[in-house]
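Written below as structure tokens is the structure these notes are about.
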Amino acid sequence: MPEMPEVETVRRTLRPLVVGKTIDHVDIWYDKVITGDPETFKRELKGKTFTAVDRYAKFLLFRLGDLTVVSHLRMEGKYHLTTWDAPVDKHEHLQFAFTDGSSLRYADVRKFGRLQLVETGTEFQVTGLKNLGVEANSPEFRLDYFEKGLKKRSMNIKSLLMSQTLVAGLGNIYVDEVLWQSRINPLTPANELTKDQVKQLHSAINETIEEATKYGGTTVHSFLNAEGGAGHYQEKLKVYGKEGQPCPRCGEDFVKIKISGRGTTYCLHCQKR
């Protein structure tokens with residue numbers, strides 16, 4: 001699943017491709033890609049112009065004046081620019097056809113991604129954004145906020161970070177990475193972390209998100225940006241996907257377990273309970 005650095009990379013590559021373009025019409029080839037009524041989606045967007053492409057955590061926000069399209073890529077969602085009349089691939093589910101003859105298409109092999117049309121300004125009340133915590137590596141993600149939030153929660157730290165309810169934007173890749181960097185066992189209850197561990201984890205989250213974004217995200221399966229380019233942070237990963245390989249810090253082999261249904265790789269020596 002694209003995490004915050006990947007979605008930010010998509011946003012940055014999408015912005016120059018679509019901002020200023022006016023929608024002639026919208027084609028929807030898979031109705032379930034739309035949260036809400038597909039016909040309303042098509043009707044309301046006709047004649048609208050893309051004014052900005054924003055992001056919150058893992059969500060893209062396409063701004064069209066008084067309307068916003070909130071897009072969650074989920075596991076495999078991708079956007080790319082093409083033309084109205086280009087052949088439609090079986091994994092392409094929607095296109096914004098622009099008045100200049102180009103089109104922005106949404107493709108999704110798994111069909112998990114969703115787009116929702118809302119009035120601009122209501123996106124944090126009526127979409128999945130309403131359930132999210134503050135963004136990682138943002139001014140709102142203060143150390144005192146993080147400390148207080150952790151103290152109120154007894155679930156294990158891996159599951160809490162994956163839930164997006166305290167801090168939003170991290171997924172399986174970066175959670176494994178930041179816990180390893182902080183020497184925290186992923187099964188540790190959040191409210192049992194020491195003050196030093198919380199401080200280390202807070203720093204690791206911010207630094208990892210910033211660095212991964214600088215490298216264009218991580219491509220370990222199929223992630224591509226809007227220009228069709230892969231990320232490069234996979235070359236920097238220390239723990240994710242390295243089950244059975246030696247920990248670069250202590251030399252002990254990484255192990256992999258499941259926590260809340262998600263594969264979790266960590267070092268038994270460096271990340272003791």
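One-based numbering along the chain as shown.
Including glycine, each Cβ sits where the backbone N, Cα and C put it.
What Swiss-Prot annotates here:
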- Pro2: active site, schiff-base intermediate with DNA (ACT_SITE)
- Glu3: active site, proton donor (ACT_SITE)
- Lys58: active site, proton donor (ACT_SITE)
- His91, Arg110, Arg153: DNA binding site (BINDING)
- 238-272: zinc finger (ZN_FING)
- Arg262: active site, proton donor (ACT_SITE)
Note to self: Highest Cβ count within 10 Å among the recorded positions Lys58, His91, Arg110, Arg153, Arg262: which residue is it?
What the structure shows: Lys58
Next item on the list: Take the zinc finger (238-272) and count its residues per DSSP category (helix H/G/I, strand E/B, coil), listing them in that order.
Entry: 0 helix, 12 strand, 23 coil
Check: Among the recorded positions Lys58, His91, Arg110, Arg153, Arg262, whose Cα is within 10 A of the Cα of the residue listed as 'active site, schiff-base intermediate with DNA'?
Finding: Lys58
Next item on the list: Within 10 Å of each Cβ, count the other Cβ atoms and name the one among the active-site residues Pro2, Glu3 with the highest count.
Entry: Pro2
Notebook entry, point to check: Taking His91, Arg110, Arg153 as the record's DNA-binding set, what's the max Cα pairwise distance in Å, rounded to a whole number?
Noted result: 40
Item checked: Distance from Arg110 (DNA binding site) back to Lys58 (active site, proton donor), taken between C-alpha atoms, in Å -> 17
Note to self: To the nearest Å, how far is the Cα of Arg110 (DNA binding site) from the Cα of Glu3 (active site, proton donor)?
What the structure shows: 16
Next item on the list: Pop the Cα-Cα gap between Arg262 (active site, proton donor) and His91 (DNA binding site) into the table, whole Å please.
Entry: 26
Notebook entry, point to check: In Å, rounded, how far does the Cα of Arg153 (DNA binding site) sit from the Cα of Arg262 (active site, proton donor)?
Noted result: 20
Notebook entry, point to check: Quick one: Cα separation, Glu3 (active site, proton donor) versus Arg262 (active site, proton donor), in Å?
Noted result: 15
